[in-house]
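> Sending over a structure as structure tokens; questions will come in a sec.
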Amino acid sequence: MERIIIFDTTLRDGEQSPGVGFTTKEKLEIAKQLEKLRVDVIEAGFPASSPGDFEAVREVSREVKNPVITALARAVPSDIKKAGEALREARKGRIHVFIATSPIHMKYKLKKTPAEVLRLAQEGVRMAKEYASEVEFSPEDASRSDPAFLYEVISAAIEEGAGIINIPDTVGYSVPEEFRALIQGIMKNVPDMEKIILSVHCHNDLGMATANSLSAIKGGARQIECTINGIGERAGNASLEEIVMALKTRQDFFEFSTNVNTSEIYRTSRLVSRLTGMPVQPNKAIVGRNAFRHAAGIHQDGVLKETTTYEIMTPSSIGLEEGELVLGKLSGRHALKERLRRLGFRLTDSQFEAVFKTFKELADKKKEVFDEDLIFIVEEQTFHIPEVYSLEYIHTVSGNQILPTATVRIRKKDEVFQEAACGDGPIDAAYKAIDRVTGLKANLLDYSIRSVTGGKDALGEVMVKIETEDGIVTGRGVSTDIIEASAKAYINAINRLIYRREK
Ligand code: KIV
Ligand code: ZN
């Protein structure tokens, strides 16, 4: 069966999600997980956009060897040179050159005539060929471009040596039938298309990114650009898990396969959610918390009789395992080790001991420790942002007839600081007290809380996004006490800020 090439752009377009910014270490962690997921291509970044991104692409090229590593570049010499340098150690590197071809973009953004754009596209691809073994070319805003001009630019890019032509629906404007016709038009009107890989890159502004991508496959596309959890610029990109699971579940209809190891989907989704600070909406297809839950009595009855009555995919196909053993405070190392192994973690002895210690502390607070709890614990233990500040103690007083106050005790290496503050509520008071300790004046941009497990003793997860003069960072805190989780999330964001600043 013919294969669709999965091109993951979580680290490039995904990073363009407002408020998201990965450190090199975070990019590397995601890239390694994408390698386990067996994506074919990883777009690791846009090296000319910042020295940090250059470094991240270089590091991913050095460390991640199975997928093709791609770097984005505008059709300008300095971008292409930077992309080529960042990819130097890649086993297989690809430069992705783009320039806009729609009348709106050419006139208002580029302020260039179509003839100038055509020339820049040709020169860009020609130069990129000197720096990388593979060159991909994208006519940005293709879906709002004049088809005749699009054919001309694509033909020119192929003549210069582009082996992959990517058609972006940059502003998520297209609809499935129209987009399929655009792809068919390109296949028909551009010479030598059969020697080229035709790719699509769809944005989700009208909620049609996945549908447009799948429709493009019917029109002749053989590479899909997508991101984990569908993150990306504005409303995001086509979501990798939706594309892959649609192709797998409806193989009868599409007649294509992918190389993706779908049992790694759930873990990859959790990792990206954690590192971006973007929670996955509960009803998100494939990876949302509710995606495999049945609430209606009729549905539950049906599923108990025969799962296929209401389940078109199994939870295990995306790596969501049903726990057989109940893990709690009586569980020992053996049971925990076995569960971690089934969840796909391979820990060193010292990592395992650290996880076990935290697991025991949590099990003392909760009746049952769920798989989701364990995933959080492991991720926290193995992700090494130095804990410059850590919360030792928090005490808050609040009520509807009292001025909310908080006292915090925070450790910084060998020193311990204690501060108190009043606020609009206990969390506001706690954040003000933490600000007094750290001396940082952070502006809270976003705060969200959710329970990551069920029941009254649920583990609460708080995500915060803060802004300081050094930029925007996210932080995460988990506890059965939501005030403690809130303080931990805030301190986590501050530690990440310090780490980023030092880097
Ligand atoms: O959406 C877009 O057009 C892009 C291009 C750079 C491919 O991200
Ligand atoms: Zn894009």
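The count begins at 1 with the first shown residue.
Backbone N, Cα and C define each Cβ position, glycine as well.
As listed in TrEMBL for this protein:
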DOMAIN    4-266  domain 'Pyruvate carboxyltransferase'
BINDING   Asp13, His201, His203, Asn237  Mn(2+) binding site
REGION    390-503  region 'Regulatory domain'
> Would you mind ranking the binding-site residues His201, His203 by how many other Cβ atoms sit within 10 Å of each Cβ and giving me the lowest?
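Counting other Cβ atoms within 10 Å of each of the binding-site residues His201, His203, the minimum falls on His203.
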> Consider only the binding-site residues Asp13, His201, Asn237: which of them have a Cβ under 6 Å from an atom of ligand 1? Write none if no residue does.
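If the test is a Cβ under 6 Å from any atom of ligand 1, the answer is Asp13, His201.
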> Taking the Cβ of Asn237 (Mn(2+) binding site) as reference, which residues of that chain separated by at least 6 in sequence fall under 8 Å from it?
Thr9, Asp13, Gly14, His201, Cys202, His203, Asn204, Ala209, Glu225, Cys226, Thr227, Gly230, Ile231
> Counting each residue once, how many in the region 'Regulatory domain' (390-503) are helix, strand and coil under DSSP?
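Going through the region 'Regulatory domain' (390-503) residue by residue, I get 34 helix, 51 strand, 29 coil.
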> Would you report the average pLDDT that the model assigns to the domain 'Pyruvate carboxyltransferase' (4-266)?
97
> When a 10 Å sphere is centred on the Cβ of Asp13 (Mn(2+) binding site), how many other Cβ atoms does it contain?
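So the number of other Cβ atoms within 10 Å of Asp13 (Mn(2+) binding site) is 23.
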> Starting from the Cβ centroid of Asp13, His201, His203, Asn237, which together make up the recorded Mn(2+) site, report each further residue of the same chain whose Cβ lies within 8 Å of that point, ordered by sequence.
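Neighbours within 8 Å of the Cβ centroid, excluding Asp13, His201, His203, Asn237: Thr9, Pro168, Thr170, Cys202, Asn204, Ala209, Glu225, Cys226, Thr227, Gly232, Glu233, Gly236, Ala238.
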